[in-house]
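K.L.:
Quick one: this structure, given as structure tokens, is what I'll be asking you about.
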């Protein structure tokens, strides 16, 4: 079996989706940034009074979703019709959990848009907090839901 | 203590680095994409004959590093002077380990450029392989080395 | 009443337009750059022989319209089907009056595309003339016409 | 006298600044979005509980400043070293007043970056509020301060 | 007869295609980079063991196709549904021959996307080899095939 | 001998220029678009009264130069300090000859910026005229001059 993003000669190409019907597509992805409890406190305190770091990361994620096909070489450009991000402090982690939901009506799915939104939001959190902690970790980035298109519905543990 | 990316009123801003000297900066970051052994085989086999997925991801990471300040809202634009990515199959993971090294001479560091390169390369691997496996995970993204600037050298386990 | 660009928890999101039908959309916006009569003369003279500043600003406005969803965080990406700008010297102002007309067939309107085209053209005029006059003013930017979509037709004084 | 952005034959060009020294540059610009008192109330109420529209606009302005040379055709690319925006509700207007401050060390000034930041923030406010009021107006966009470079200091009424 | 990209007053505009039906579109373009036999050997040898220059150029061409409407001022944005590039060493030239095929379903054709893909791939080859040969030439860039839309099919010698 | 854009293992990378001094750099490139005499007449007539196609292409070239490192994967980002394009009708060709001059002070040269400016201007001419002639050809793109940096001066026939 061969990867679809490469033709018979092994050359990368943007897969031809011209003949696929435009259907309603939705994808959801998640991920997290792990940090010390002290760093997490700075972010959650700040939300109330010292600066809304989660608001900045949420916006970065929304804008990142719109740049997906610019960043991922073989990804089809798609006019997304919805992007929403949820960023929640999780003291168990400890850190921030990020979830992104993306929709479109198109010939390919929006999995990459959802994953790119999560990644960009996580990177933005890292950027805003790196002056106080450099050894944070970004992880757990995976698809939790996808619907629409020939391959149909996919669901995974958040 | 407050986050430096927010001013006294809690408003986000791009921190003033005008008075910092331009010094040699370097940063290294790492991360991975975890997949089944079968999926990993498809990528490593492909390298030889069916398509160089790692080559595509490497290039995406290099170009992603150059787009960092476009993606991360409060990140300073910096003319990077070197970007290199190493992508290695790891049967233990199993999956692909990604490492990025970025250099510049500038007034701020290139940690975000290195982390963005790693993230973009991981997302690109996911994109190329998602037709055969949807439950891959991207993780372990963290800074492993940084030098230059006032805060000096930082090193962490790869 | 709450702003539609924020969800029930007050978090910014890109509004879900997935279920809205794609209809013919049109929007027109206007604005101006005010300057001294001497500066205006330089631009209008130049048109004939020393350089077509209005032509440069027109092109910047057309390209700006195409970048709208990159610039405005919660704006949906839309493939515009027409962009036209009119730039007219107005000795009464004195200055340049800019009007932009944008069309698409889509699930949201093109008001932001028209307003972004006008703003970008005005900024470009400022850029080209700022060496001779720094106290120019950009103003009067507003929507003058919009049609299509559920909210229907809107008209205002140019 | 001819505009510097056009050569002797009237052709547009990006002015040669190769021989200008890199000096500390700063610029400040201002502008406003005028709306009804009811619309203004929605924004200011929202700040507390229903969504931080001013926070979104501030971020858009910061990112807009970084895109200036992409938008303004003859503008030199410059690595900005500081971008800050102030957005204040003004019941007298009524509306929102926007001020942007930009710094760099470079061969040309950052007036266009400051003006582009203000314009982008104003457009973003318009975008978020347009569902409740379509006849808002963006205006009063002008430079209030500039320093650095051969032409020296410039100051104007905010 | 007048050029369609200019209105009755000679002002550039993005042509109104709102009333054109969205049909299946395809375009193919070709071009080449001419170099010495020694330089060509370095590229073809490299493919096997020293670095896949053609793979890098192929990817640049695919990504360039997606940026077309950003680069060409009056070009309509179009969500492409397929991009493929073929890069073949030609000892007769001597050099590399580049062919790009692009598809979409839209209201305008994808000729510019195919030509931009070819140009970007050729420039990328030049970039990677310029350290060993500076007098390479890029040429022969033309459309070889186009179908779809009112003007119908066009074919030319590759 | 190996290509510098690939490391010892044949992996593409952005070459490390951190230790190169920033020196004054200049590059000049040229190219042409060949068309029928009738098509050329439409452009040159238009210049006077029906639309300045050469002015549009000139601006596209200037903006294209600023996007070079976005388009060419392994190209270093550089803040250009001058971009100028000359577009001249040549009845002998017949067609339009394009020349671009780019300057910077940096650690790498601006050859790619000059070549990208020429290519983008040629593509833009093609775009504006393609409704009347589809079999135009873009060619003769090559470097005619370069100075600065370790490899020193290079000159070639325009």
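Cβ coordinates come from backbone N, Cα and C, glycine included.
So TrEMBL has the following annotated:
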- B:127: active site (ACT_SITE)
- B:74, B:75, B:76, B:112, B:113: substrate binding site (BINDING)
- B:14-149: domain 'Molybdopterin cofactor biosynthesis C (MoaC)' (DOMAIN)
K.L.:
Relative to the Cβ position of residue B:74 (substrate binding site), how many further Cβ atoms are located within 10 Å?
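P.N.:
Excluding its own Cβ, residue B:74 (substrate binding site) sees 23 Cβ atoms within 10 Å.
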K.L.:
Through the lens of DSSP with three states only, how would you label residue B:113 (substrate binding site)?
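P.N.:
In three-state terms, residue B:113 (substrate binding site) counts as helix.
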K.L.:
DSSP-wise, what's the residue breakdown of the domain 'Molybdopterin cofactor biosynthesis C (MoaC)' (B:14-149) into helix, strand and coil?
P.N.:
49 helix, 45 strand, 42 coil
K.L.:
Here are the recorded positions: B:112, B:113, B:127. Which has the lowest count of other Cβ atoms within 10 Å?
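P.N.:
Output over recorded positions B:112, B:113, B:127: least Cβ neighbours within 10 Å is B:127.
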K.L.:
So how many other Cβ atoms are close to residue B:76 (substrate binding site), meaning within 10 Å of its Cβ?
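P.N.:
Here the count is 22.
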K.L.:
Over all pairs in B:74, B:75, B:76, B:112, B:113, the listed substrate binding residues, work out the largest Cα-Cα distance in Å.
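P.N.:
With B:74, B:75, B:76, B:112, B:113 as the binding residues for substrate, the largest Cα distance is 13 Å.
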K.L.:
If you measure Cβ to Cβ, which of the recorded positions B:112, B:113, B:127 are under 8 Å from chain D?
P.N.:
none
K.L.:
Over the span of the domain 'Molybdopterin cofactor biosynthesis C (MoaC)' (B:14-149), how high is the average pLDDT in this prediction?
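P.N.:
Reported value for the domain 'Molybdopterin cofactor biosynthesis C (MoaC)' (B:14-149) is a mean pLDDT of 94.
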K.L.:
Between residue B:113 (substrate binding site) and the residue listed as 'active site', what is the CA-CA distance rounded to a whole number of Å?
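P.N.:
Rounded to the nearest whole number, the Cα-Cα distance is 21 Å.
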K.L.:
In angstrom units, rounded to an integer, how far apart are the Cα atoms of residue B:127 (active site) and residue B:74 (substrate binding site)?
P.N.:
27
K.L.:
Can you name the residues of this chain that are 6 or more positions from residue B:75 (substrate binding site) yet have a C-beta less than 8 Å from its C-beta?
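P.N.:
Long-range Cβ contacts: B:14, B:68, B:69, B:112.
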